[in-house]
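Here's what TrEMBL has on this protein:
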type: REPEAT; residues: 153-187; note: repeat 'PPR'
type: REPEAT; residues: 256-290; note: repeat 'PPR'
type: REPEAT; residues: 291-325; note: repeat 'PPR'
type: REPEAT; residues: 326-360; note: repeat 'PPR'
type: REPEAT; residues: 361-395; note: repeat 'PPR'
type: REPEAT; residues: 465-499; note: repeat 'PPR'
Amino acid sequence: MQNHFRGLAIQCRGIIRQNFKLKLGTIPYNQFHCPHHFHPSCYLSNLVKIRGFHLERGPISTDPQRGLNQLLKSSKDGSADIDNVALKFQNLLKDFSSSSNEELEQALDACGVSLDEDLVLNVLRRHSSDWKPAFEFFNWVSNRSNPNGYSPGSSAYNEMLGILGKMNRFDELHQVLDEMSKRGLVNERSYGIVVHRYASAHRIHDAIDFFYKRKHYGLKLDLIAFQTLLMSLCRYKHVEAAEFLFHSKKGEFQYDIKTWNIILNGWCVLGSLHETKRFWNEIIRSKCRRDKVTYATFINSLCKSGKISPAVKLFYAMWEKGCTPDVVICNSVIDGLCFKKRIPEALQIFREMNDKDCQPDVATFNCLIKHLCKIHRMEKVFELLGEMEEKGGSCSPNARTYSYLLSSSKKPEEVSKMLERMKKTGCKMTGDTYNMVLRLYMKWNCEELVQSTWTEMERDGMGPDQRSYTIMIHGLYDQGRIEHAMNYFNKMTSKGMIPEQRTMLLVGAMKLKLEVGAENTGNIKLSTHADRSGKKNIPFHSLMKPGFDE
């Protein structure tokens with residue numbers, strides 16, 4: 001009898017939590033809360049206007065199936081409301097984060113939703129940086145008897161592999177992989193994800209071993225799979241190991257120029273011009289015909305190493321030899337010239353591209369906009385932005401374009417205008433864009449805007465990720481909110497996210513400060529390292545990086 005009522009209570013609690021949830025999603029813990037803090041009337045309405053959400057009014061349903069299924073039935077094709085259903089699952093997983101698996105499963109069962117692959121993928125992607133609720137949800141989906149006969153397909157399994165690999169949860173990853181193997185769902189995408197995640201965790205031997213285990217999963221040991229392994233190793237700076245494999249497997253695979261290019265690009269990404277030149281000469285000796293990718297990689301290496309004059313010389317030599325540089329090569333040269341403050345020459349090449357039937361793309365414009373923003377030539381920046389919007393297609397501004405412009409903003413009003421312009425062009429926010437906006441609002445101490453950005457980011461399934469928490473921790477410390485900063489640190493680590501070294505140093509100092517009860521924050525001086533002269537220490541707040549990778 002007691003167990004019967006206990007189960008009933010769990011279901012009722014799940015129903016109540018669902019039905020009293022705003023359609024905007026959960027509002028995160030308000031770190032700025034005080035007895036007189038309130039949200040102005042425009043706060044919720046602005047969020048609704050910006051993101052296209054609607055607050056629902058009407059009687060509260062007590063039917064658990066109506067709580068989610070009615071959303072799927074409210075549109076003609078059902079696809080328009082998958083986001084809303086996924087959001088409700090996200091809220092439920094958050095509400096039951098401290099509950100037992102039994103309680104969570106009973107609450108999920110009470111939803112009564114007919115699952116499909118799109119819905120499951122949507123929920124998983126909302127937890128890309130939070131493996132535990134994603135794994136619990138996935139296990140529930142995999143183990144339950146779905147009324148419509150649905151069981152997760154390879155896409156859902158691969159999504160789960162990616163989340164677990166990203167958080168270095170390799171024991172759980174292999175549980176999922178074993179289940180995939182039993183169901184015959186392991187494919188090339190699965191292989192690529194696992195190899196990539198092993199390489200990112202610097203588990204080189206595991207990545208190589210997994211390549212040889214392909215036969216166990218019914219996959220061939222072919223050149224494409226070997227190239228995937230090499231690319232993953234090079235991506236995470238294990239180029240020496242990749243080149244050793246490259247030479248040791250020459251007898252097994254007939255290499256094409258693409259395989260050579262992978263290693264060449266690896267040395268380029270590593271920033272070693274000496275090794276890049278050595279391998280470039282090795283390609284020449286091999287009699288393997290170089291293609292545009294080979295030239296692009298070597299020119300890019302020269303530009304990144306500051307050898308812009310030899311890069312430009314090789315660039316024009318390609319024209320003379322009849323090997324027309326493509327847009328990727330032009331972009332490398334333009335970026336290198338801008339970096340060396342030779343912007344007039346970069347603009348000249350940009351203008352010549354149209355005459356030589358090499359159309360610029362969004363990356364071309366982004367190269368110019370990035371460097372023009374740094375020297376505050378905003379009139380030229382907005383001229384280029386207007387040209388991008390007018391051309392459209394492959395030149396349409398993307399999230400990176402707007403991130404460069406956002407980073408140049410001086411006040412919140414400029415951010416709002418840029419986000420509105422971004423919305424009009426149909427460019428969607430990414431996790432990096434959200435982090436950029438979050439960093440700016442923290443810098444300007446815009447409390448409500450920080451909270452609304454965090455809420456939108458969470459609701460759209462774009463975070464928060466490790467960088468979001470890092471921004472909050474360091475920003476709150478700079479504002480003197482040490483206890484709130486520690487709350488975010490604890491939340492971050494509870495999700496399995498690994499803090500940066502500078503964050504660990506900051507947290508150690510904050511703990512010491514809380515222990516001694518020091519009144520003056522200036523008593524503890526924080527620094528991470530000295531500059532190259534060894535005379536100047538760099539404060540933590542100056543090390544805050546933009547929320548995107550240039």
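Every residue, even glycine, has its Cβ placed from backbone N, Cα and C.
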Sequence-remote contacts (6 or more beyond its ends) of the repeat 'PPR' (361-395), Cβ cut-off under 8 Å? 327-328, 330-331, 334-335, 338-339, 343, 346-347, 350, 353, 401, 404-405, 407-408, 425, 550
Among 153-187, 256-290, 326-360, the most Cβ pairs under 8 Å with the repeat 'PPR' (465-499) come from 153-187
Roughly where does the repeat 'PPR' (291-325) sit in mean pLDDT, to the nearest integer? 90
On the DSSP side of things, how many residues of the repeat 'PPR' (361-395) fall into helix, strand and coil, could you say? 30 helix, 0 strand, 5 coil
Residue counts for the repeat 'PPR' (465-499) under DSSP, helix then strand then coil, are 26 helix, 0 strand, 9 coil
In the same chain, residues at least 6 away from the ends of the repeat 'PPR' (153-187) whose Cβ sits under 8 Å of its Cβ atoms read 117, 120-121, 124-125, 127-129, 131, 134-135, 138, 141-142, 193-194, 196-198, 200-201, 203, 206, 216-219, 496-498
Going along the chain, which residues at least six beyond the ends of the repeat 'PPR' (326-360) come within the CB cut-off of under 8 Å? 292-293, 295-296, 299-300, 302-304, 306, 308, 311-312, 315, 318-319, 367-368, 370-372, 375, 394-395
